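**Student:** Can you read through this structure? Questions will come right after.
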Amino acid sequence: MPRQVMPKQDPAERSRNFGEVALGFTPEQAAAEAARCLNCKKRFCVQGCPVEVDIPDFIQLLKAGDPAGAAAKIKEKNSLPAICGRVCPQESQCEKECILAKKGEPIAIGGLERFVADYAAEQAGGTVRPAKALPYRAAIIGAGPAGLTAAADLALQGFDVTIFESLHEAGGVLQYGIPQFRLPKEIVGREVEYIKQLGVKLETSVLVGQTVTVPELLEQGFQTIFIGTGAGLPYFLNVPGENLNGVYSANEFLTRVNLMKAYRFPEYDTPVRIGERVAVVGGGNVAMDAARTSLRLGAKAVYIVYRRSEEELPARYEEIENAKEEGIIFRLLTNPVRIIGDEQGVVQALECIRMELGEPDRSGRRRPVAVPGSEFQFPVDSVIVAIGQGPNPVLLRNTTGLQLNERGYIQADPETLATSIPGVFAGGDIVTGAATVIAAMGAGKKAARRMVEYCKQKYPNG
Amino acid sequence: MEIVAKDCLAPRIVRLVVKAPRIAAKAQPGHFVVVRLNDRAERIPLTIADFDRAAGTITLIIQEVGKSTAMINAMEPGQSFADVLGPLGTPYPIEKVGTVVGVAGGLGAAPLYPKVKALYEAGNRVIVILGAQRRELLILMEELRAVSHELIVATDDGSYGEHGLVTVPLRRVLEREKVDEVIAIGPVPMMDACCRITRELNVKTVVSLNAVMVDGTGMCGGCRVTVGGQSKFCCVDGPAFDGLQVDFAELRQRQRYYNAQEREAYQAHQHGMEGCRCRAK
Ligand SMILES: Cc1cc2nc3c(=O)[nH]c(=O)nc-3n(C[C@H](O)[C@H](O)[C@H](O)COP(=O)(O)OP(=O)(O)OC[C@H]3O[C@@H](n4cnc5c(N)ncnc54)[C@H](O)[C@@H]3O)c2cc1C
Ligand SMILES: Cc1cc2nc3c(=O)[nH]c(=O)nc-3n(C[C@H](O)[C@H](O)[C@H](O)COP(=O)(O)OP(=O)(O)OC[C@H]3O[C@@H](n4cnc5c(N)ncnc54)[C@H](O)[C@@H]3O)c2cc1C
Ligand code: SF4
Ligand code: SF4
Ligand code: FES
Ligand SMILES: [Mg+2]
């Protein structure tokens, strides 16, 4: 039997709405896909999952007609399955290691995980009960996937957990970055709600470093702290014209649209303005998200401007395919050199230079080199810069004694995730730089384990 | 975050005292908050015009200029903001520098007040120049008088104090005596005009910039301003900057980018809405 293909909204239609693109397996498809799993003794697939979901076990439960049991099985390891099922780069993780991948038809683990999580959510709420209360209080800074996972795991261990989040909603990039059509915000809300049901307290609109500091939290009786503040600082190109109206960082653009719901202006108060022709600079997932969001806001022509070739595009293959199907125009081997504005200071055109691939650089990819004299311009109404993010300095600059690495991220022990401040742990994008949802969750999980050990050792009597 | 007191300072200018103990505990002159009124509202920045650590409150002074500010100014004590995030921004350094001239244009008196109050208490000689379009729009006059050695008032239409712009008394004071620092806060053209004079007379000048913001935490980069040829994030690097280095023309253009949508939202909202009673004044 071949691998099941998840149904998707038709490209022409979906590129004009914010509804979910991938529609999820039908029960019949899920059953057929589960039936393909060999329930291997050597669990290769599990080794590919950063949080070690018991993949064969949940699939067997699903096969046996017990989706609720399958969901509970996944939740033993993964508190955010409906999210991971949707946004994990499965092709380079669990599905890559699946024994059937050799034949090119790995089990659609992500699709099954999504099916099971969505099914369970439609049924009555979870039955997970935290262990008996322990006399420990943990503070989690940042409600992204790293922080949410650490919080859930600590609560399950019986800790009294409070999350401090600077935005008004929990979820981190899941909430403000990844668009509605890939990850509906209702699903993020549902999974956050589950974590609250475990007893985790969520305090939004608290910017740690400003509203309260790390040393103050320690003084206030939190024995241990996890920092999961992500890589939220947008990088810009540093080319002339970058402060013109109509130049957005991907963060700003996506925050306006996702978190603030500017796509429903004026019903929601936050505006966004991109015009008809949009250039998105960059070639990763963030760039694809910004480009596809622009289309859905009504842009007529959306370009991806990327300085290397198609082969080097860092975005997931599936997202590149989706973008192409929807009509995004790829301008590869092209690098912006200047943004040109009109007399109102609004973007009018983008000037680029053509690139060639030269010798491989340190990353092993062939380095793009500008072709002298090949500058050209094309008209655009806005430019969205999606070339990466760095660590936000607010918490870092206000936390004395917190050691950073040479790239400005938090220095954490790779094994224990301990920082230079005793009792304070860190993980996710704020340690590794921009990575993936599941890697951040894996870090949250690892840190939680160490935080439990730390508290039990340091405060044996509470 | 509950509103505990409200009064109208001038037509369409309201003062709210808001319960926010954590923010009050940390607030310093120069800090601001980002508020969201309700679940559909945008996030907008407002200066912490005063704070009372003991009472756990902060004071906001808000001028109605569009939909969000209209809705906020229509709120009454007992009602709450959905969110108040802060204190944000880099606090204004309070040092004894000698003689300081504070210049406020219109609502600029609100952000100016906590700074000159602290500078006055730190032992500086403080001269305040307060300007507004007309008499009714002068706010915080008595509060500013209480924290200054000299208060000069000017109105554009001459309905109170000197007739004309604040730049006239500013130049006069700078030519009259040695001034160590000028702080100018108000509409962009007013700050720009003040900086032209201080640049010419070579006096250190600090301005507080009001770029369009979203998160207020350095995450979106939407609040970029150019200072000394470099791009800065107004919310975390500022909002106070060296006025002699600011690209005011760019800031003005950036403030206007959403004007069409803002007007649309405001008009739709005003339709059938009463607003704060002070609007009638
Ligand atoms: C547009 C976009 C699309 C992506 N798509 C994918 C994808 O498809 N698949 C995938 O696996 N990965 C994807 N990623 C990457 C992935 O989202 C991140 O690697 C992941 O979210 C990192 O998790 P985190 O918990 O470390 O940080 P974040 O998700 O960044 O969360 C950090 C949280 O901390 C809060 N915070 C920051 N500073 C403070 C402070 N001082 N005090 C309090 N709170 C603070 C922030 O507001 C935020 O909520 C994408 C990223 C982006 C931007
Ligand atoms: C650091 C800082 C401190 C401020 N302090 C005060 C204060 O104490 N009292 C006060 O009344 N106002 C203050 N402002 C300005 C205030 O934020 C705007 O007047 C308000 O956002 C307008 O919202 P609106 O929907 O009512 O008007 P709109 O009709 O939406 O906009 C009117 C004008 O306000 C500005 N504006 C709009 N949206 C924003 C935004 N998200 N961020 C910043 N400016 C915006 C634009 O220049 C716009 O042209 C401050 C701004 C900044 C940046
Ligand atoms: S969490 Fe991600 S990597 Fe792990 S099994 Fe699920 S989809 Fe695969
Ligand atoms: S490796 Fe593939 S086939 Fe084997 S148990 Fe895992 S998912 Fe099933
Ligand atoms: S408001 Fe977003 S970075 Fe300043
Ligand atoms: Mg507005």
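Heads up, the Cβ atoms here are built off N, Cα and C, so glycines get one too.
For reference, TrEMBL lists these features for the protein:
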DOMAIN    B:1-94  domain 'FAD-binding FR-type'
BINDING   B:I61, B:I62, B:Q63  FAD binding site
BINDING   B:C220, B:C223, B:C235  [2Fe-2S] cluster binding site
**Student:** If I take the alpha carbons of B:C223 ([2Fe-2S] cluster binding site) and B:Q63 (FAD binding site), what is the distance between them in whole Å?
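**Tutor:** If we compare the Cα positions of B:C223 ([2Fe-2S] cluster binding site) and B:Q63 (FAD binding site), the gap is 20 Å.
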**Student:** Using DSSP, what is the helix/strand/coil residue split across the domain 'FAD-binding FR-type' (B:1-94)?
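**Tutor:** Final tally across the stretch: 13 helix, 43 strand, 38 coil.
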**Student:** Quick check on the binding-site residues: of B:I61, B:I62, B:C220, B:C223, B:C235, whose CB has the lowest count of neighbouring CB atoms inside 10 Å?
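**Tutor:** Among the binding-site residues B:I61, B:I62, B:C220, B:C223, B:C235, the sparsest Cβ neighbourhood within 10 Å belongs to B:I61.
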**Student:** Any idea what the Cα distance is from B:I62 (FAD binding site) over to B:C220 ([2Fe-2S] cluster binding site), rounded to a whole Å?
**Tutor:** 24
**Student:** Would you mind reading off the Cα separation of B:C235 ([2Fe-2S] cluster binding site) from B:Q63 (FAD binding site), to the nearest angstrom?
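**Tutor:** Here the two Cα atoms are 20 Å apart.
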**Student:** At a CB cut-off of under 8 A, do any of the binding-site residues B:I61, B:I62, B:Q63, B:C223, B:C235 come close to chain A? List them or say none.
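**Tutor:** So none of them sit by chain A.
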**Student:** Round to a whole number and give the Cα-to-Cα distance in Å for the pair B:C220 ([2Fe-2S] cluster binding site) and B:Q63 (FAD binding site).
**Tutor:** 25
**Student:** For the domain 'FAD-binding FR-type' (B:1-94), report the average pLDDT of the model, please.
**Tutor:** 96
